[in-house]
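Chemist: Below is a structure I'd like to ask you about.
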């Protein structure tokens, strides 16, 4: 099993990152380099989280071997002198041989740092650029990132000057490397505590509120009102941009030097706008440079950027609106089915997506009723209590992890108790659950936050390239300090525990933070205590109240604006529900029409064909030409009537008001499908 656990987790984490990226990104429409870069960033960050527990168990085993093989004098003050015999040093099932983990962590860490500080910011600017050539996009990206890179070089230079002026330090390559790592981890820890303080409170509270059906429904109405405003704004913005594109397309003719740029812009427009502009464009008219003023290439680049953004925003709001409607309809169905006497879940509308037969077999309406109306609220309440307990433990440990005598951090106490018995399964599970919960609190906040319209992770393949790359940057910057914070909570970091023990392979590549003592002994120790203040602020919704005062509508139960938006959203949902009901009624009527009269039309067609064959044979054997002419003409008229009747599918009609007499339509009468039998009897017989 040596190294097998490492290889298995590497493969599983890759598929986890791939599935999650497929939910938010669009593999078909977005550029491959954007997908690959984002996938690599997410994959490396998730890999660090899942592999770190294996590093902890391997380090504990190596400490045990050192304690057994060393004399008491050599191991005086050591953390692992608790092993009295060699029998206790049992090799863990997930043991990773020496030399593998340091190389693995070095490759993963520096690759993630290269992505977050160099490649991803450049690709962000490249993706948002409106240039028409690769050279133009690269030039724009370099100009936009000049200030960005200069700021971080200034910060690194400040650290470098501090170390150079201090006479106690001799600058070496390892120390310069440590300064760079310390600068990156300091920035990441600053943002980490902010996101962690929000997630520790909001995640348990969201699950507790998830058990309240009325609360979820009111919040959905609130979201519907806000999303409708955003949707209308996106549609209006798209119309304005398309009007500018139309004017540019009409002014720049086919033989203009910038016509290729205009064609590139038109390809990014929605199909209906492309067809409309194509009909109004006269490509045979030459342009006259002396008479008209044409837009410059710079203005076309700006217009191209606006088109990409407006089309993506319009498409995203449309999809989000449909998803929100389905959610609102489902919550209303749950509220109605709670008082059902049959205890079977009844949906107002059929699912638009085909359901799996296996799920339909096990997840019956009765099972769905018990889960949605009885079990799910209690499950969410129990889960909320468990998550709240974890949050309290994390907050306590963040405030006390610097204390080594006595050990006050609960995570460190759990790990030390398991270390005495060398229960590696318990150690790995405890480490995994701890770091997984911390990651959920931080990463879920990254997925929830929204910076106006510039950064927004939207599910169902609606996230743009800029937001995907920005999320990859955040993950790569947050994960290393998150792991260092976890090792500090469990006292596996020698900088925190102040013990002369073998460090983990992960902390060994970070170098000794003693180069910058004010960071190692000050910022890393006391700054995480601010999580208490952030948790209190989140619990009382201080941030939400401040945003509401600034004019950003937030969901607050005691606000008059919130009540107005809830009422507005409720009316919007009712209107969409009536619209959906009319559509389904129309489909049901079409289905009834085909079921009632589809077979009759087929039998009538067969009867007409048989009669026509008999009359044709009769006309060949008889001399009476007028009779033959009349019979064939009558058969032709009948066939025309039946074919027109088959093509007719009215959009909306009352099937109950139709009887057999109304189906006997004469020539020249208006047909249900909107067609006329335009030929009179004399015109029909003139063709024979």
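Backbone N, Cα and C atoms are what each Cβ position is placed from, and that goes for glycine too.
These numbers come from a predicted model, not from an experiment.
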Chemist: Out of 337-358, 403-424, 425-446, which range is noted as transmembrane segment by TrEMBL?
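Modeler: Going through 337-358, 403-424, 425-446 one by one, TrEMBL flags 425-446 as transmembrane segment.
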Chemist: Can you work out whether the transmembrane segment (425-446) touches the transmembrane segment (6-21), with the criterion being 3+ CB pairs under 8 Å where the paired residues are 6 or more apart along the chain?
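Modeler: Per Cβ check, the transmembrane segment (425-446) does not touch the transmembrane segment (6-21).
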Chemist: Can you tell me which parts of the same chain pack against the transmembrane segment (378-396), counting only residues 6+ beyond its ends and a CB-CB cutoff under 8 A?
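Modeler: For the transmembrane segment (378-396), the list is 196, 200-201, 203-205, 207-208, 210-211, 408-411, 437-438, 441, 489, 531-532, 535.
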Chemist: What residues in the same chain, six or more past the boundaries of the coiled coil (224-251), come closer than 8 Å to it by Cβ-Cβ distance?
Modeler: 262, 265-266, 269-270, 273, 276-277, 280-281, 292, 294-295, 300, 303, 306-307, 310-311, 313-314, 316-318, 320-321, 324-325, 328, 553, 565-566, 568-569, 572-573
